[in-house]
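K.L.:
For reference, Swiss-Prot lists these features for the protein:
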BINDING   Arg56, Tyr192, Lys198, Arg319  substrate binding site
BINDING   Lys198, His217, Asp254  Mn(2+) binding site
BINDING   Lys198, His217, Gly233, Leu234, Ser235, Gly236, Thr237, Gly238, Lys239, Thr240, Thr241, Glu282, Arg319, Thr444  ATP binding site
Amino acid sequence: MGIANMTNKLDLLLQKPYVHHQLSVAELVEKVLQRNEGRLTHTGAVAVTTGKYTGRSPKDKYIVEEPSTKQTIDWGAVNQPMSPETFDKLYDKVLDYLMKKDELFVFKGFAGADPKYRLPIQVVNEFAWHNLFVHQLFIRPSAAELAAHEPQFTVICAPNFKADPKVDGTRSEAFIIISFERRTVLIGGTEYAGEMKKSIFSVMNYLLPEQGILPMHCSANVGQEGDVALFFGLSGTGKTTLSTDPNRRLIGDDEHGWSNRGIFNIEGGCYAKCINLSREKEPQIFDAIGFGAVLENVVLDDATRVPNYDDGTLTENTRAAYPLQAIKNIVDPSVAGHPSTIVFLTADAFGVLPPISKLTREQAMYHFLSGYTSKLAGTERGVTEPEATFSTCFGAPFLPRPAVEYAEMLGQKIAEHNVRVFLVNTGWTGGPYGVGSRMKLAYTRAMVQAAVEGELDNVETVQDPIFGLAIPSHVPGVPDDVLQPQNTWADKQAYEQKAKELAQKFRANFRKFAHIDPTIEKLGGPLV
């Protein structure tokens, strides 16, 4: 099936009388309830469940191997190739399936808040609640923008269409397939809404570097003087918590582009984790979950319809989707100048990385490529040994190009704009998990505040003997002895052993970057 035929078939589908275009939030909420797709919470949010897929399915994600992408994509476990023939057949089947539906829902909008670089997208949904989700998550067009809107990428999402691996060339019933030549994302077999969000992020991660823009998996905020800070970090390291600051306005919580004009949010909404959410801990997120927000896999009280955010029965990965405008303290539109500070967040359960350290450009590139954090492997089964995880550029699952391309762009931009970079450990202190304790949030906030406000620019530093990092000897609001990890351990020998163990894990992980400039590891990596 050629591209022209595909376009014709899609046009035919979208002209059907039962296809709803650009419904408002209120109309979509009505549809969700009429169609029995979800329930209304006491604040007017829509609560839905996603069946057996309560998170992304990275093993079911493919990119179509086409002449234009054959040489530019980093093929492998993250970016699995699929032939154009396999994709075309499956695309045809999904469209035939959607032709038979009673109702479909279409949203047109944008990815990218900077009008110069935004991507006009359209999303075709089988479910009304999915359409509500994309309405809240992507950038909503004005009436004038909608009239002139010509989609450059289409997401087709048919969760109840199940692939047959024997016939369809997939691994399972679920599939998330990106075709850059056909400018299409095809999703089926999974109801998890995050697939739509992250597939467009993957698309932007491929397209933006062609325009000299660095796409980033980070949160961003801006101070009263217009100073921009970026926060990189994997899940659970505190990106959302630390970038939500009453004294700074939020640009975005997850996906950004860095152009020669500055920073812009790729999205128009937030997709916040809400396990154990409380108004005391995260008032901005708690209060944003109002009318038209989407709650994914959150358990409700049957009578009062009040969400129980502490209930992880369905999944620990409970989520809330809401528009940025539901947060009071934001930059609107979500664009700002060049960053003056970058913070890499890691949750080190080995308890050996310093709570804050200043990075050189080479160290910044090294730690960006490493993308280190740790997770507590199987604590529920009594296994308490932490596991080191490395996710390149703090976003490996969403990077179609080789990691080095993103790291080199970051290195150039850090040098060009004289950006200060810090590594902040929000994990353990005084020993590894099980012995030490989690770093106090108040201390981490004080360190981040000092870093972002330039208070550490001229501070005296001590070099970490194992990781080579420059540790400030004093940070306002933080006891000095907390800053040096070895001082917090009772057993100094055990500290050294554990630190060397982690340093070796960094080295072993970095072997996969054998083809890059060796000075990055030489000047940026551990000393041992």
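Positions of Cβ are set from backbone N, Cα and C atoms, glycine also.
Values in this document were obtained by computation on a predicted structure and should not be read as measured data.
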K.L.:
If we check Cα distances from His217 (Mn(2+) binding site), which of the binding-site residues Arg56, Lys198, Thr237, Thr241, Arg319 wins as closest?
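P.N.:
If we rank Arg56, Lys198, Thr237, Thr241, Arg319 by Cα distance to His217 (Mn(2+) binding site), first place goes to Lys198.
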K.L.:
Using the structure shown, find which entry in Arg56, Lys198, His217, Lys239, Arg319 (the binding-site residues) has the sparsest Cβ neighbourhood within 10 Å.
P.N.:
Arg56
K.L.:
Setting Arg56, Tyr192, Lys198, Arg319 aside, what same-chain residues sit with their Cβ within 8 Å of the center of the Cβ atoms that define the substrate site, listed in sequence order?
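P.N.:
These residues sit around the substrate site: Gly55, Ala193, Gly194, Glu195, Lys197, Tyr271, Asn317.
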K.L.:
When the Cα of Tyr192 (substrate binding site) is compared with the Cα of each of the binding-site residues Gly233, Ser235, Thr241, which one is closest?
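P.N.:
Minimum Cα distance from Tyr192 (substrate binding site) across Gly233, Ser235, Thr241 lands on Ser235.
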K.L.:
Could you find out if DSSP has Tyr192 (substrate binding site) as helix, strand or coil?
P.N.:
coil
K.L.:
Within 10 Å of the Cβ of Gly233 (ATP binding site), how many other Cβ atoms can you find? Include all protein chains, please.
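P.N.:
By my count, 25.
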K.L.:
Which residue among the binding-site residues Ser235, Thr237, Thr241 has the fewest other Cβ atoms within 10 Å of its Cβ, if you could check?
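P.N.:
Per-residue Cβ counts within 10 Å for the binding-site residues Ser235, Thr237, Thr241 bottom out at Ser235.
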K.L.:
To the nearest whole angstrom, what is the C-alpha distance linking Arg319 (substrate binding site) and Asp254 (Mn(2+) binding site)?
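P.N.:
With the alpha carbons as reference points, the distance is 14 Å.
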K.L.:
For Lys198 (substrate binding site) and Gly233 (ATP binding site), determine the Cα separation and express it in whole Å.
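P.N.:
Here the two Cα atoms are 16 Å apart.
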K.L.:
Might you list, by sequence position, any residue in that chain lying six or more from Asp254 (Mn(2+) binding site) with a Cβ less than 8 Å away from its Cβ?
P.N.:
His217, Cys218, Ser219, Lys239, Glu267, Cys270, Tyr271
K.L.:
Could you tell me the C-alpha distance between Gly233 (ATP binding site) and Arg56 (substrate binding site) in angstrom, no decimals?
P.N.:
18
K.L.:
How many Å lie between the Cα of Arg56 (substrate binding site) and the Cα of Thr237 (ATP binding site)?
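P.N.:
Per the Cα atoms, Arg56 (substrate binding site) and Thr237 (ATP binding site) stand 19 Å apart.
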K.L.:
Can you tell me the three-state DSSP label for Thr237 (ATP binding site)?
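P.N.:
Its secondary structure by DSSP: coil.
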